[in-house]
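Undergrad: This structure is in structure tokens; I'll ask about it shortly.
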Amino acid sequence: MADRKQQNQTILTEFILLGFGNLPKLQIFLFLFFLLIYFVTIIGNILIVLLVVIDQHLHTPMYFFLGNLSCLETCYTSNILPRMLVNFLTRENRISFNSCLLQFYFFASLACAECYLLSAMSYDRYLAICKPLHYTTLMNVRSCILLAGGSWLCGFLFSICTTLYASWLTFCGPNEIDHFFCDYTPLLVLSCSETHKTELVMSILASACTMPPFLLTLATYICIITAILKIPSSIGRQKAFSTCSSHLIVVTIFYGTLIAVYTLPKTKALRELNKVLSVFYTIVTPMLNPVIYSLRNKKFKEALRK
């Protein structure tokens, strides 16, 4: 009897991503809309990476981190949008259990890496504004590589544990994920395992990915704003703030939507709102990053003209 029960619980081998299937008349429009976003995101981020590599004037710590962020955003978007676009056309929306776990692993890894990378970028701006005389010695090539490499490594290592916990869950139906990609919260809802301990452990691991870099980013910007306010001339204050304003906008959008998604109550009434907010930090933010950084940066405009 126990063996038969276990077999019944592990019979599910695939899921159905519901996505935005509740809007059947808008499927073609949504496909074209998200396809445009994908093209803009990929072209914009790859262009930034190429400019950072080719142009000698952009071989500085700030642009090195920006190149890493653009590379990360390209991978981040490519993990979610291509399958989402296919689902708009085929409307089968099926994804195997292993593919779902793999998508979740890369999503969690890249999201965690982005948190740490944004923190490294804020630390770079802190040194440039608050400790300008020591900037070149503190933010040398070795420091840049360690900070960027550490961000990528932390993301991919932390996410191994969360993915393992998700893989140990058993699913005995239904198999419909009310989301447009595989995230751990919709998976926990579908599981027929005892999820209390799993949810607690995954929340702790998720907090370890997001809270330290968030608090560090917050602390550095408090120091930066305090230092800028102490500058006597308005021109000096404006020039200092312009060096970090683009990054501050990106951080605000990313963390604002991320916190809203994972702190709002998981009720049916707010489920659609969670999906819309998820679109912002998984799809819209990667598209906006190249626009925000390039339009507000003179060196990028000069490099693009060349």
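Cβ atoms here come from the backbone N, Cα and C positions, even for glycine.
Keep in mind that what you see is a predicted model, and the values were worked out from it rather than measured.
As annotated by TrEMBL, domain 'G-protein coupled receptors family 1 profile' applies to 44-293. If you look up TrEMBL, you'll see 28-54, 101-123, 144-168, 204-229, 241-264, 276-295 marked as transmembrane segment.
Could you tell me the structural context for the features on the list?
TA: Mean per-residue pLDDT, taken over the domain 'G-protein coupled receptors family 1 profile' (44-293), amounts to 85.
Here the transmembrane segment (101-123) has Cβ contacts under 8 Å with residues 62, 65-66, 68-69, 72-73, 75-76, 79-80, 83, 95, 147-148, 150-152, 154-156, 158-160, 162-163, 166-167, 181-184, 187, 209-210, 212-214, 216-217, 220-221, 224, 244, 247, 250-251, 254, 258, 282 of the same chain, all six or more residues outside its ends.
Remote same-chain partners of the transmembrane segment (241-264), defined as residues 6 or more beyond its termini with a Cβ less than 8 Å from a stretch Cβ, comprise 62, 111, 114, 118, 121-122, 125, 128-129, 185, 206, 210, 214, 217, 221, 224, 228, 270, 273-274, 277-278, 280-281, 284-285, 288-289, 292-293, 296-297.
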